[in-house]
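One structure is given below, encoded as structure tokens.
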Ligand code: IVH
């Protein structure tokens, strides 16, 4: 085979591979390889074509900008093509660019240290989104289009209008009669994270990166979907322009800003290539802190006259270049999956990777989160995977290259025994309540059941226990905890309190003073607040905030320890799952022993009463709600509570009694009866009520509270509009005086306050002979009652 033949074959292979990637990237918004891999293929093709110019064809991907207009949208012909940019990967590429610019402008040569005449450049971040063209006629946005293949794009006017920082009309004055601005639509990082979280929650597929998310959002046939996506726009250039614009790129962008078009806050001017280089370093250092993804910076010759002089080469301007940052995504091989044991026993799969350089750092491990993630990625050992490293975050595996799976790839299996202690591994369960019963499904997390007998868990538990926000034992770093555990000196957190001077001083890195300091720190931790203690126990899903909440609301460890899950869900932000974790934790015999031993050494501070606000928040309708009785919704529960007044009366109510409850359907009544015909349900309901009573948060305490108030026991109804206050304010005033404020009028209603516009409620009150007050009389009554 001749050289030209092999080159021709390689060219054909590269072109078809790049074409396939282009299609997935531009049309499907679903690239399968990282940009770095694409860039490598593209550069190989460029280099090969440079060696064999006779083999360059017009269809070669190097001859096009990439992207095809989607037929689903109308087509837009760009009168001035939307071009792409040349890339600089190394410093030398940038110096070469600057040299070509100087040569093109006939300027004397310079170097990184100045010298020669320096070119005036503008510097901007290279946003990682989608290029768009916005056409303004007489200051009004008339069209928005994608770049497409550079000559023909898609008409996405309706979608573009939903991007909130794109002005539909230009501000101020002086804009050209026809002005086509160009820029990038992108999705900020925070919005991207939130969108992906929503996608996952609704069972959808998460987007691989913000660029894909932006592209996918803009290419929606329904603009309402686009509108719901957190997109932003940033202007970086001009297309068609019938009218005058300033003479430099930076001045043009500042004019755009005055007309209401967003421009980059990072736009800067650079004198010469050395300042460009400094800009690149500065933005590079701040890359992780920016609110949006960038993949490099763009340098442009600032003077428009010089841009004209330089002109274009193929599909790229000679006056601009993109200086790319090292890629954050790379390809490598998954060598193995190991399992790590965390503080709560959770067993986490960790990917062992063939070491690869990602954005300047060697990556050989990545997190796989849990087995659901492994399943979602469909990853097998031996696969070629895409790894991503962004900022300080642990490297992540984004996906696999399915085509490169080797024949001997192996599935990832959870070990049946804990890799550290050999105890059994259990799959966690998810408990959901609905329609009167609990349903249990399998969770994504596997746990070693060894608890503190598992050294991995013990170490993590102690590290957490002594941490600053928990028991705050200074001087007990991770390495020391490891030694204490490995030497068998500490088998439970309580053992910290019986450590002796002789046992500590022999540890690596300890001398007399450090030993005495550590003993003093341990001593000092003997009087924690209840909140710190709860947090220090390391209950799954109980962070510092939840620990504080539990301590503040329930006031004592004894109450927290026995609280039923349903009672815990009365706490704001505590859902049934967390409530079950808490209650499970305290029911566990092993945990009880650990706590009992700890209490021999520590005295909890600030234990006290149940918080008054918490005490007052339990109501009978809510209790009925927590029982999840089928067909009994909020109104039904309210009606039952109004009618029967106590749980016991509802449990024992007979069919006839139930049928008397106003607006309670037959179906609901039957369902209620069936529910309480099951002894388990009755017991559970009684237990919850008994606990609420024991804690002092029973609704009877509400009544007692109201009992001393002037309107206690009364039911008022507000209808029509009030002039001096809103209905909500009126309700608050009445409730403050002990009254209940109801939404409908019945024979039991004490009084109706009727403002202008009152309708059926007023009529019903008149019909039933209920007392009616107008606003004036109402105000007079309030004034009298308030004294
Ligand atoms: S200027 C003729 N400026 O990069 C110059 N492009 O590879 C055309 N991009 O299609 C582009 N930020 O999607 C320019 N500040 C910036 C940019 C930028 C992102 C994108 C744009 C363009 C691609 C070129």
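From the backbone N, Cα and C atoms, a Cβ is placed for every residue, glycine too.
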Taking TrEMBL at its word that 35, 36, 37, 38, 39, 84, 85, 147, 184, 300, 324 bind NAD(+), choose the one of 9, 124, 275 listed for that site.
124
Identity of the Zn(2+)-site residue among 276, 454 (reference: 418, 421, source: TrEMBL):
454
Return the average pLDDT for the domain 'BRCT' (706-787) as a whole number.
85
Separation of alpha carbons, residue 37 (NAD(+) binding site) and residue 454 (Zn(2+) binding site) (Å):
43
Got a sec? Which of these binding-site residues, 85, 418, 421, has the most Cβ atoms within 10 Å?
418
Would you mind splitting the domain 'BRCT' (706-787) into helix, strand and coil residue counts from DSSP?
33 helix, 15 strand, 34 coil
Where the criterion is a Cβ under 6 Å from an atom of ligand 1, which of the recorded positions 37, 39, 126, 300 meet it?
126
Coarse DSSP state, helix versus strand versus coil, of residue 39 (NAD(+) binding site):
helix
What does the structure give for the C-alpha distance between residue 85 (NAD(+) binding site) and residue 421 (Zn(2+) binding site)? Integer Å is fine.
57
Starting from the Zn(2+) site formed by 418, 421, 454, give every other residue of that chain whose CB sits within 8 Å of the mean position of their CB atoms, in sequence order.
341, 345, 419, 420, 422, 423, 448, 450, 453, 455, 456, 457
Taking only the Cα atoms, work out how far residue 418 (Zn(2+) binding site) lies from residue 147 (NAD(+) binding site), in Å, as a whole number.
54
